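Feature list (source: TrEMBL):
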SIGNAL    1-22  signal peptide
DISULFID  Cys32-Cys47  disulfide bond
DOMAIN    61-209  domain 'Cupin type-1'
BINDING   Asn106, His111, Glu116  oxalate binding site
BINDING   His109, His111, Glu116, His155  Mn(2+) binding site
Amino acid sequence: MMADVLACLVIFTTAIFSSAVASDPDSLQDLCVAAPTSDKKVNGFLCKDEANVTAADFTFDGLAKPGLVNNSFGSVAKPANVNQIPGLNTLGVSMARIDYAPGGLNPPHTHPRGTEIVFVLEGELDVGFITTANKLIAKTIKKGEIFLFPKGLVHFQKNNGDKPASVIAAFNSQFPGTQAIAPTLFTATPPVPDDVLAIAFQVGSKDIDKIKGKLAPKK
């Protein structure tokens, strides 16, 4: 267990030092704790009055326990970004925990604002990303191993084992964003026109309706 904790600290420390070349802008002051309730909008968040900054702005225990997997994909991600840790504002780093049921998939998605590195806490995963040359870079990783997903590239993780799996992820962005490919295309609001999807995927309109029905948010 201690080895896992130390490895996670190494990942996070690496992410911190990578902030010198992070995708987020460099900070120009010691602190800029996010003030998300402000009605002013900037690229990020305005700074909270430093007189009101406390240790609570820099801590978060939400990754300590596995997330509840209760969806059809069989995985759940718990973020630790600027929305959970206001002190991350302008610092260019964040983390997440992803838990997978046996057979669970973190479906193909991208992080438009950050590179991701994952450390396997438990289990074994088939992981991969696709380059802009349409080449799949894939590997099976197990407990204690690390894999990197370059910024903006489509990637996935699949638990092909019969036991749950978990990873800790680090990003070089305070809010890397996530776009899951299928939901982005088939559940957008307003919707992407059916004829666009039908031509793109070379299927009929009935197939598009079936896919939309399966991906529609449960009411």
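Positions of Cβ are set from backbone N, Cα and C atoms, glycine also.
Nobody curates TrEMBL annotations by hand; they come from automatic prediction.
Note that the structure is predicted; figures quoted are calculated from it, not measured.
Here the candidates are the recorded positions Cys32, Cys47, His155, and by Cα distance the one nearest His111 (oxalate binding site) turns out to be His155. Spatial neighbours are here defined as Cα atoms within 10 angstroms of one another, and by that definition the neighbours of His155 (Mn(2+) binding site) among the recorded positions Cys32, Cys47, Asn106 are Asn106.
Listed in chain order, the residues near the oxalate site other than Asn106, His111, Glu116 are Ala96, His109, Thr110, Val118, Phe149, His155, Ala169, Phe171, Pro176, Thr178, each with its Cβ within 8 Å of the site Cβ centroid. If you average pLDDT over the domain 'Cupin type-1' (61-209) in this model, you get 97. Looking only at Cα atoms, Cys47 (disulfide bond) sits nearest to Glu116 among the binding-site residues Asn106, His109, Glu116.
Note: the domain 'Cupin type-1' (61-209) comprises 22 helix, 57 strand, 70 coil (DSSP; helix = H, G, I, strand = E, B). The Mn(2+) site is set by His109, His111, Glu116, His155; from the centre of their CB atoms, other residues of the chain with a CB within 8 Å are Thr110, Phe129, Phe149, Leu153, Val154, Pro176, Thr178. For Glu116 (oxalate binding site), the count of additional Cβ atoms within 10 Å of its Cβ stands at 25 [all protein chains shown]. A C-beta separation below 8 Å, combined with a sequence spacing of at least six in one chain, links Cys32 (disulfide bond) to Phe45, Cys47, Lys48, Asn89, Thr90. Applying an 8 A CB threshold to same-chain residues 6+ apart, the list for Asn106 (oxalate binding site) reads Phe73, Ser75, Ala77, Ile98, Tyr100, Phe156, Gln157, Lys158. The Cβ of His109 has fewer other Cβ atoms within 10 Å than any other of the binding-site residues His109, His111, His155. When other Cβ atoms within 10 Å of the Cβ of Cys47 (disulfide bond) are tallied across all protein chains shown, the result is 18. Spacing of Glu116 (oxalate binding site) relative to His109 (Mn(2+) binding site) is 12 Å (Cα to Cα, whole number).
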